[in-house]
Amino acid sequence: MKKEKKYFGTDGIRDQVGKGLICPDKILKLGWATGKVIKDHGESVVMIGKDTRISGYMFESALEAGFIAAGVDVMLLGPMPTPAVAYLTQTFHADAGIVISASHNPHHDNGIKFFSAKGQKISDAIEHEIEAAYEQDLSIVSSSDLGRAKRIDDAAGRYIEFCKSTYEGAKKLDGFKIVLDCAQGATYHIAPMVFKELGAEVVAIGVEPDGININQNCGATDLAQLQARVVAEKADFGIAFDGDGDRVMMVDAQGDVVDGDEILYILATGTNLPIKGVAGTLMSNLGLENALKEKGIELVRTQVGDRYVMEALREKGWVLGAESSGHVLCLNKTTTGDGIVAALQVVSIMVNSGKTLTELRQGMTKYPQILQNVRVESKVGLNTNAALKKAVQDSEERMGGKGRVLIRASGTEPLIRVMVEGDSRSMIESEVKSLVELVKTEFC
């Protein structure tokens, strides 16, 4: 049985600023604890990046102080997408990469993500070591052994060149008009340059971060602005990233959303690589599974969370996986979810096939799916609640085997997510309504 973790969630540590570990004094100690673990493993250099939220500067300073107190050298990247930190950690031969971000969450949240020297999410074992070190009293190394900090000035340029190198189109993007929504986040100074330098005409929105507006009515979790702009600009398609750049969603020329499931379908069926199977999650649409099956491609489902998709891919020796929400893994190109790189793979397929995004998505028909989030006081007992178990069973029986229900707790927010999928929208609307009411009764 796995040992429970005290601080780490499904994607690092995350909370509202000023709550839990997301306070300057505690982040300083977290930096020290992580530094202590790094030193215990005989290593001594970390790289720190962040998204654009206002609290990032405060936590960057706190982490820097903690690592230096532990005798670990620090390289500061400034605002940089999460996947860029993973990539640069490898190319600079750092021993770990740290990202200060709450991903798609609002500005009042923040968090810490951790990468190994190989640019991969750290293991459960290392997370347990960090938690154990955090419980110890902080002690500072001698003055002569303190770590040193420096800023890396050419990081953005290095990452832009890497992204461009993953593009496999037979020709440049001259003639394409693309709208990019950078979510007022970490891709704001990266993504437009990548696509412009590949030859596209770029209309960029969400590129004026002020520390507060990250993910606010924009980006991969709120596509309305992008959809309207793609249609108004008569663009070929649009691409949206989330606040830290590890998610991607797309919009076709008609303004219709192309989500993570459809992106995975396009990648799996459009690549020249031999694809035996791909990894999705419990949330992946039944339409994806059916469409892939017709192509002889297996879909393996995991728990929700890109780390679980990654684990499945490593276990199977496969390279493609995705969550519906837009975490897309292309392990033939990167070590972690990378919104810019994933989008470039789709664009490569468009260019090489001569097909539009609308045409590429047509091989997959999505089942109607409704996902509703319920903010709750506590998620305790969700998996053992008898009333909820019976309600789920009754709901699936009413749908006659042509639908499914998934109720799960968010790993990063005080939410219970209710998802119902089936071949009739009116039916699933009715089922969602009754299940949400029950969740509110039992947990609010």
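The backbone N, Cα and C atoms fix where each Cβ goes, glycine too.
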Further binder of Mg(2+) named by Swiss-Prot next to Asp242, Asp244, Asp246, taken from the candidates Ser103, Ser378, Ser395:
Ser103
Which chain neighbours of the Mg(2+) site, leaving out Ser103, Asp242, Asp244, Asp246, have a Cβ atom within 8 Å of the mean position of the site's Cβ atoms?
Asp51, Pro81, Thr82, Ser101, His104, Gly185, Ala186, Ala220, Phe241, Gly243, Gly245, Arg247, Gly339
Measure from the CA atom of Ser103 (active site, phosphoserine intermediate) to the CA atom of Asp246 (Mg(2+) binding site) and give the result in Å, rounded to a whole number.
8
Between Ser103 (active site, phosphoserine intermediate) and Asp244 (Mg(2+) binding site), what is the CA-CA distance rounded to a whole number of Å?
5
